[in-house]
Amino acid sequence: MGAVWSALLVGGGLAGALILWLLRGDSGAPGKDGVAEPPQKGAPPGEAAAPGDGPGGGGSGGLSPEPSDRELVSKAEHLRESNGHLISESKDLGNLPEAQRLQNVGADWVNAREFVPVGKIPDTHSRADSEAARNQSPGSHGGEWRLPKGQETAVKVAGSVAAKLPSSSLLVDRAKAVSQDQAGHEDWEVVSRHSSWGSVGLGGSLEASRLSLNQRMDDSTNSLVGGRGWEVDGKVASLKPQQVSIQFQVHYTTNTDVQFIAVTGDHESLGRWNTYIPLHYCKDGLWSHSVFLPADTVVEWKFVLVENKEVTRWEECSNRFLQTGHEDKVVHGWWGIH
């Protein structure tokens, strides 16, 4: 928008200068109605040509005589003067936008300085750049605009203060860090004092605090021992076998090859008296077989004789009892004898 206004101002100035030059040129030319020009200021009185005085010595119908050399020279000088005036006016009009821009820059800088909040310093780099632009712009235009002496001093003082700001801000940051460290240290001391000594600082005695501390230590020791004991018991329970291997053995000589010895009992692993578990023949009339039974369990059982898949003979004795326990066992019995 500023460029548009500048162009309008320049165009208007040039148009006005052109009109003024045309008006002056018309007024300086000889009259069209036969009016004679006034004599020039530097011309002698005798050399002014009167109207109708031609070289022939008489007027010829009111016609103006031919212009003399002196009149031509004076007209040329007049044209040069008016041309120079036009050029100077155009130069002045061309400098108007630049001067207006410089004035706007100065006004913006003053407004920026007035609107800076209290306790905050504007950016030193931007201030230095604007100051350099101000110093360069007036110099490039022949010193037409400069800061007053008081404002230059204020700018220099502000620049020096801004140059010293980083160190001062660093000192402030260090002071804040030190204060925060001290505050954190004090908080840690307060917490440790209250957690270690209990209510000593709240009206209690030192002996009471010692007793409470010892009691807490005893409680923690007991809980630790209890935890270890439970842990040991858990390990023992996990190491205890869920089943044990019981090997049943008996000496018996069968009469035929279709006969064999078996074992039965009240546990499901022994057939619950309805079925049987066959024993394998080894040698010399020894029959043997291993059965897995639950650990630490009491079962009732007996040897039986099986022929053609049927029980044909039971031991001639009461039921046998077995305590399985937690280890593998070998149960060796004699037929019919406990």
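Counting starts with 1 at the first residue shown.
Note: Cβ is positioned from N, Cα and C throughout, glycine not excepted.
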Candidate annotated as phosphoserine in Swiss-Prot, where the set is S74, S130, S220, S245: S220
Phosphoserine: annotated position in Swiss-Prot, out of S27, S88, S196: S196
Annotation match for phosphoserine in Swiss-Prot, from S169, S209, S318: S209
Correct range for motif 'LIR' (source Swiss-Prot, candidates 185-191, 255-261, 304-310): 185-191
Record-annotated phosphoserine (source Swiss-Prot) among candidates S223, S238, S269: S223
Summary of DSSP states over the domain 'CBM20' (238-337), given as helix, strand and coil counts: 5 helix, 55 strand, 40 coil
